[in-house]
Every structure is written in C-alpha cells, then in structure tokens.
Amino acid sequence: MLKLEPEFPGLPQRCDSCRSAPCAFYCLADSAALCATCDADVHSVNPLARRHRRVPMGVVAAPGAGGAFVVRPAGGVNSSWPIREGRRCDYDDDDADAAGEEDEEATSWLLFDPLKDSSDQGLPPFGDALVADFLNLGGGAGEKEDASSSKDCSSSHGKSSEGSHEFAVPGEPVPERQGFGAVSMDITDYDASNFRRGYSFGASLGHSVSMSSLENMSTVPDCGVPDITTSYLRSSKSTIDLFTAAAGSPVAAHSIMSPPQFMGAIDREARVHRYREKRKTRRFEKTIRYASRKAYAETRPRIKGRFAKRSDTDLEVDQYFSTTADSSCGVVPTF
C-alpha cells in the first residue's frame, strides 16, 4: 500500500501534481491527492475523468497503524480508514439513509395489512373479510353491509341494475324477480316429433337463471352494469339432425357421433376379394419365349430325362432334323 509521507510533520499534505499547494481532494482512481486547481485540470479532460470519485480531504492526521495517513473529513468525524484504500467518504451517511429508507419500504410491503388499508382507504374487503362474505350466505352482518352498499350505489347511479341477470330466449316474457332468492332454472323439454326440416323448428329451449343470490358472494356490488340479456343462437341444421337422430335411435346416434374406426378393415376385405377373383382367372400355361431353344432341346439325346453327350452321327442326325424342322416350321426370328 502506498503511503503519504508529509514533508513537514503536522502540516497538510502537499498536492501530488504541483507539489506546492495543499491537497484538497483525494482521487481513488488516480491514487493521488490533488489541490483544487490540479483537480479541476485533471478531471475536466474527458467525461471518463469527470466520473472519478474524489474525497474532500480535511486535516491529515498522524500515520495510523498501517503506516498510511488518515483523512479527517471537514465535519470533524475522524475516520479510521487509510486514504489509499478510499473506503471513507462523506457520502456514507447518505448511502446509509437511503439503505434505511429501502429497508423500511420493503418491510411495509412484506407486512402489508389488507384489512387496515381497506378500512382506511374505503376499498372493498380483502383477505379474511372476503372469506367472511363468502361464508355468510344466510344473512347477518354481511347481508346488512351488502344491502347498505347496494343502496348507496343505487342512489348514486340510479335504477341501472339490482344485481340480477336474466338469461332467456327472445320472444318469451321474463319474470320479474325481486329480493334474494335461490337460483332457479326452467328447462322446457325438447319434443323431437315436432321437428321440421330446415333451420326452423317448433320446439323451444328456455333457460331462466337468476343470479340475485350470488350477490352476497360478490365483494363489490355491481351498480353501474345494465341488465344483461343473453340470447341463445339458433342451432345449425347439422346440430339439429344430430340431436334428432340421437332422440330417434341410440344406435344411429352412436354411429354418427363415433369416428369411422372400421375403414381399415373394410379396405382390407375389398383387397382380399379382388385377389381371389384374380386368382380364379389365372392360367398356368408355360410361355415359350425362345422357339429355337425349344426345338434344339427336343432333338437332343436324353438319358433318364437328362441331356447326354452327342457323337458325330448324332450331330448329323440333329442337323438333318433341324433342317427339316426349319423347312417345315419356317425361320424363327431372334431378338
């Protein structure tokens, strides 16, 4: 570790650049103690030099235990860190304060109290209060709070909705439901005998579902949402045919809904049938490809069915018979 040895003990350290003025700043990147003038000259050359971190130096104390001089900041707080290491600066207090604020903010996020914040800011219940609302379906305090909140919303927004949504087929009267009732569902049976070909059919499917009983389970009352009427679209022809077949015969419905699983077996059966028909018309006659070879083989002498060696007389006889055969049968073309 480099040491700063003052020329005169007890006097301020001189500048490492000009060696005349007392040093005012210490630069850790340059490892130099500079006066104000030299510091401005050195660190104004380029943007990289401007980013060097400098420590304002106070009075240089006596050498410490490590043999290096110690910086005493202007605030009067003595530092026990050597200057060459540059571990002490007057920004430490600011860093500590910032770290303390970050710790407090993290603690506030980790120890978040939803019930306290919701009661202070007027937000809907959260956490245990929400579970209490779900469990309190029979009435009581939760019902009173919901009734009061819905009354306030209805006074501010007008008669927009009472928290119930009706789902019905267009053309049918929708019954008016008031208060908190159970979920009701009316389903008209489908009559397959009244089915007519085409897109129109006489039977009707009606579904009326009241969602008013679910209002107890909602944390925020639905005040500004208008009445929602959902219309069921008319089914397509393929869908109608499918349900009609299902109502008429379960076997037909199963054959329609199930994918074709036996196509491979049908194809194999057709291939086997074609093979059998072809085998019936098959002929086992030998096809003579070379007529000259056949005629030559017929004239060769055989011993027990096998060809034997020929003598000179046999060759003459063969030639005689071959010329006779050629004159009678004609010339056999060769390819």
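Each residue, glycine too, has its Cβ placed from N, Cα and C.
Per Swiss-Prot, zinc finger is recorded for 15-57. Averaged over the zinc finger (15-57), the predicted model has a pLDDT of 87.
Listed in sequence order, A21, P22, C23, A33, L34, C35, C38 are the same-chain residues at least 6 apart in sequence whose CB falls under 8 Å from the CB of C15 (Zn(2+) binding site). The feature Zn(2+) binding site is assigned by Swiss-Prot to C15, C18, C38, H43.
Under the heading region 'Disordered', Swiss-Prot lists 141-179.
Here Swiss-Prot flags 268-310 as domain 'CCT', drawing on sequence analysis. Residue counts for the domain 'CCT' (268-310) under DSSP, split into helix (H, G, I), strand (E, B) and coil, are 22 helix, 4 strand, 17 coil.
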Query raised in the report: Whose Cβ lies within 8 Å of the mean position of the Cβ atoms of C15, C18, C38, H43, the Zn(2+) site, other than those residues?
Result: D16, S17, A21, C23, A32, L34, C35, A36, T37, D39, A40, D41, V42
**Report entry** Tally of DSSP helical, extended and coil residues in the zinc finger (15-57)
**Finding:** 11 helix, 10 strand, 22 coil
Report task. Taking the Cβ of C18 (Zn(2+) binding site) as the reference point, list residues of the same chain whose Cβ is under 8 angstroms away and which are at least six residues distant in sequence. Result -> C35, T37, C38
Requested in this report: Have a look around H43 (Zn(2+) binding site) and count the other CB atoms within 10 A of its CB, chains all included.
Outcome: 19
